[in-house]
Amino acid sequence: MHCDVLWHNAQLMTLDAAAGGLGIVDDGIVACRHGHIVYAGAAAQAPALQPDTAHDCQRRWISPGLIDCHTHLVYAGNRANEFEQRLRGASYADIAAAGGGIVATVRATRAADDAALLAASLPRLDAMLAEGVTTLEIKSGYGLALDDEIKQLRVARQLGAQRKVEVVPTFLGAHAVPPGEQAQPYIDQVCTQMIPAIAAQGLAEAVDVFCEHLAFSQAQAEQVFIAAQAHGLRIKIHAEQLSNQHGAELAARYGALSADHIEYLDQHGVAAMAAAGTVAVLLPGAFYFTRDTQLPPIAALRTAGVPLALATDCNPGTSPLTSPLLAMNMAATLFRMTVDECIAGFTREAARALGRSERLGQLRAGMDCDLAIWNIDAPADLVYRMGFNPLHARVWRGHPC
């Protein structure tokens, strides 16, 4: 069999769902043709392969490229000053009253043009790519007006054009109530003006809603979901981060790809997610940065068979994190997730959370050839070490980059 590129003398984490766990192969090879994997598995069982190029991995580990399935990467401004203020005793309410918080990011993002937003976002993206990310979701939500939301989504698309990475755009117009507006009239605008325009331009694949007592109600979230489905967009939700608004249960009824945060999720929400196949996206960076104490119900989610994905939640206010490797360590340390769960959370289950499990997140024939090649002794090193980047090479669609 002819192939374009062959990686051999490697140890593999295939993340093959059928095999379960990490799907470890001790003496493995990965063969690629036209950007897709044609074989990934044991060298001893491989068909005869004639590669144009072969790479001796010298016993390095190969995993699927990492997938960050929840980010707010595109924004302008810097809120490090608020971090300092909180350390000195200021409350979130104090900061918001002084014009800070999400309003500060909205103000800066609205003021930035495409070029400025792109320049601000590229270093954050590059930091993720340097740790093996090959696909990431990027949400809007810092424009909170049609033209500015479109601008954010447009820049997200430009990021994907400028780097070898797949960008999955999500419309999060229902992130917060804009300054000077009221929630219901604004949600009406999201549903009747923003969603139709964004869907018509093909700028987003899904919608997201922040369903919380300080943002939007369950009824308002449902209004957004109905509008999204009418325009062919998939559904995600920020749910149960600060209180139990039963948002995850609602989203599951609408077939949501994922429910994210979910610290206050109850058993009814767990059952609804399990029945719908909705992925739990856990965000340990936000939990850490905000010094939260309410743990997501990991044991209940495991028992119910709900897939567990992880993400950085990169954003300027509650998780200024661009390191998936550190997020894995946080998930293990704070949430007591296993090594297998942490690595699967940034590969196989993250692909599921983005509706891409048919072609991303595993090493097997037919999948896109997105790889991360690691200088590690064992998979646990990816989760155990902190401030450590063992990436040897990143491969996107079969091309080293």
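Note that the numbers count up from 1, one per residue, in the order the chain is shown.
Cβ atoms are placed via backbone N, Cα and C, with glycine included.
HIS70 (Fe(3+) binding site) falls outside any helix or strand according to DSSP and counts as coil. What Swiss-Prot records for HIS70, HIS72, HIS238, ASP313 is Fe(3+) binding site.
Annotation comment: Swiss-Prot describes HIS70, HIS72, HIS238, ASP313 as Zn(2+) binding site. Summarising the environment of HIS72 (Fe(3+) binding site), the number of other Cβ atoms within 10 Å of its Cβ, over all protein chains shown, is 26.
According to Swiss-Prot, the 4-imidazolone-5-propanoate binding site annotation covers ARG79, TYR142, HIS175, GLN241, THR318. All chains included, 25 other C-beta atoms sit within 10 angstroms of the C-beta of HIS175 (4-imidazolone-5-propanoate binding site).
Counting every protein chain shown, 31 other Cβ atoms lie within 10 Å of the Cβ of TYR142 (4-imidazolone-5-propanoate binding site). In the three-state DSSP classification, TYR142 (4-imidazolone-5-propanoate binding site) falls within coil. Taken from Swiss-Prot, the feature N-formimidoyl-L-glutamate binding site covers TYR142, ASN315, GLY317, and the record attributes it to sequence analysis.
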Return the residues near GLY317 (N-formimidoyl-L-glutamate binding site) by Cβ distance under 8 Å, restricted to its own chain and a separation of at least 6 in sequence.
ARG79, GLU82, GLY101, ILE102, THR105
How far apart, in angstrom, are the most distant Cα atoms among the N-formimidoyl-L-glutamate-binding residues TYR142, ASN315, GLY317?
11
Determine, to the nearest whole angstrom, how far the Cα atom of ASN315 (N-formimidoyl-L-glutamate binding site) is from the Cα atom of TYR142 (4-imidazolone-5-propanoate binding site).
10
Just report the maximum Cα pair distance in Å for the recorded 4-imidazolone-5-propanoate binders ARG79, TYR142, HIS175, GLN241, THR318, no decimals.
21
